[in-house]
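**Student:** Please find one structure pasted underneath; my questions will follow.
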DNA sequence: ATGCCTCAATTGTTGAGA
């Protein structure tokens, strides 16, 4: 079973590219981030027409996540990360589908720093840690995917010097990500590519794609129940080079049935 | 140097992204 995550940078701007990717790669579960759409205006019918059920958690203008499931609807859908009733940003959705508990998240970027955006990022990661610990304790097969906006280690970025002041690779961001993993999650792409050099994002600016100036911030975390089934994981890099591409490429993990 | 590009909300320009 293939589970994929794709920061699409606007569902309406990306719709032809997105339908093309779904039909070519046919993930059983596709988790989208940065849909930049409200729930009411999400192009649900277009996805249903090619056999996907749709659950969204959107808002006006930016952010927003969606869960697309091939052939069957997700159950027990919960929207929003617990822990802060004042947080109005749509960045988190979880559900049960195909015997898996799936978590789809869009973690705050955190730039510029220091400042309220970086504080929000770190607070969000603390809330996430609490929720993921609960899910680990449940011992249900769980997969946590999304745009984490964290470059885990120096091997995950084309230039440490160029990015050293960025929120994505501050020690606090990395420590918080490491804390999450230490609870027993397996970073699927890292496990299969221990030497690094795998990118999931290339900036639109300064010819980053052409120069392969990228980094790895989209992650797929497996609970032990799922890590035992890990068959493969990777990046659908070619989609970053197509017309009207997102600045992220899709990432995927294949689990044995 | 804090832009270089892209998207959304709007229709000229700003905020956000990473």
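The backbone N, Cα and C atoms fix where each Cβ goes, glycine too.
Among the features that TrEMBL reports, domain 'Endonuclease/exonuclease/phosphatase' is placed at A:4-248. Annotation comment: TrEMBL describes A:7, A:34, A:147, A:149, A:247, A:248 as Mg(2+) binding site. Positions annotated as active site by TrEMBL: A:106. Here TrEMBL flags A:147 as active site, proton donor/acceptor. Look at TrEMBL and you will find A:149 tagged as site 'Transition state stabilizer'. For A:218, the entry in TrEMBL reads site 'Important for catalytic activity'. According to TrEMBL, the site 'Interaction with DNA substrate' annotation covers A:248. Marked as active site, proton acceptor by TrEMBL: A:248.
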**Student:** Around residue A:149 (Mg(2+) binding site), how many other CB atoms lie within 10 A of its CB?
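**Tutor:** Residue A:149 (Mg(2+) binding site) is surrounded by 26 other Cβ atoms within 10 Å.
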**Student:** When you rank A:34, A:106, A:247 by Cα distance to residue A:218 (site 'Important for catalytic activity'), which of the recorded positions ends up on top as the closest?
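**Tutor:** Its closest listed neighbour, by Cα, is A:106.
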**Student:** If you count other C-beta atoms within 10 angstroms, which of the recorded positions A:34, A:147, A:218, A:247 is the most crowded?
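**Tutor:** In terms of Cβ crowding, the pick is A:147.
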**Student:** Relative to the Cβ position of residue A:7 (Mg(2+) binding site), how many further Cβ atoms are located within 10 Å?
**Tutor:** 25
**Student:** Pop the Cα-Cα gap between the residue listed as 'active site' and residue A:147 (Mg(2+) binding site) into the table, whole Å please.
**Tutor:** 5
**Student:** Over the domain 'Endonuclease/exonuclease/phosphatase' (A:4-248), what is the model's mean pLDDT?
**Tutor:** 97
**Student:** DSSP on the residue listed as 'active site', three-state: which is it?
**Tutor:** strand
**Student:** Please list, in sequence order, every residue of the chain apart from A:7, A:34, A:147, A:149, A:247, A:248 whose Cβ lies within 8 Å of the Cβ centroid of the Mg(2+) site.
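**Tutor:** Apart from A:7, A:34, A:147, A:149, A:247, A:248, the close residues are A:9, A:33, A:106, A:201, A:217, A:218, A:246.
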**Student:** Measuring Cα to Cα, how many Å separate residue A:34 (Mg(2+) binding site) from residue A:106 (active site)?
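**Tutor:** Residue A:106 (active site) has its Cα 7 Å from the Cα of residue A:34 (Mg(2+) binding site).
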